[in-house]
């Protein structure tokens, strides 16, 4: 049974079969819903979704589309054009080397209904980049969660029931040589992430 939706002048309200209500607040005029993230290479996206199809049952949750797989660095929320320009300029001034990580961790957050793929040992470069972007966002009026940064890639949504988590992942190696700005766009009943701009990270020093 599909959730029922209805619109108001300001918001779109979605009522799920279990009675849970989701309110999508209408964006401020001339603003966009933005976030900074690391994108996954196309080949890795395909490997992840093939493994996911084998590792989880259809009842586990709603699969995130391959093109939407990403690792969020800083969520910005609704951002005006003026604030977006300022944040883009600040992002362009970041000078930091790239880094590598291993996607070797899995978990389930029942409350938001998310099954995620992550890393057991986050590289220092990843933590520094996220902290810098989140600090810049906060100074420019973008509310940042007080919770510690937990780098992850969302695999399944609407996973509100217990989920059997596989004991291990294939342990993909992932190298980050750039970070990007995305817009979250909701249309035709679906969310897609529109890539807006990318900034390179410096080459990693050879061992």
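Even glycines carry a Cβ here, placed using N, Cα and C.
Curation plays no part in TrEMBL annotations; they are all automatic predictions.
So that you can see what the record holds, here are the features copied from TrEMBL:
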| type | residues | note |
| --- | --- | --- |
| DOMAIN | 39-116 | domain 'Phosphoesterase HXTX' |
| ACT_SITE | 70 | active site, proton donor |
| MOTIF | 70-73 | motif 'HXTX 1' |
| ACT_SITE | 152 | active site, proton acceptor |
| MOTIF | 152-155 | motif 'HXTX 2' |
Which residues of the same chain, at least 6 past either end of the motif 'HXTX 2' (152-155), have a Cβ under 8 Å from a Cβ in it?
-> 40, 48, 52, 56, 61, 63-64, 69-71, 103, 107, 114-118
Mind checking which residues of the chain, 6+ beyond the ends of the motif 'HXTX 1' (70-73), have their Cβ under 8 Å from one of its Cβ atoms?
-> 35-40, 129-130, 133-134, 151-153, 179, 182, 193
Separation of alpha carbons, residue 70 (active site, proton donor) and residue 152 (active site, proton acceptor) (Å) = 8
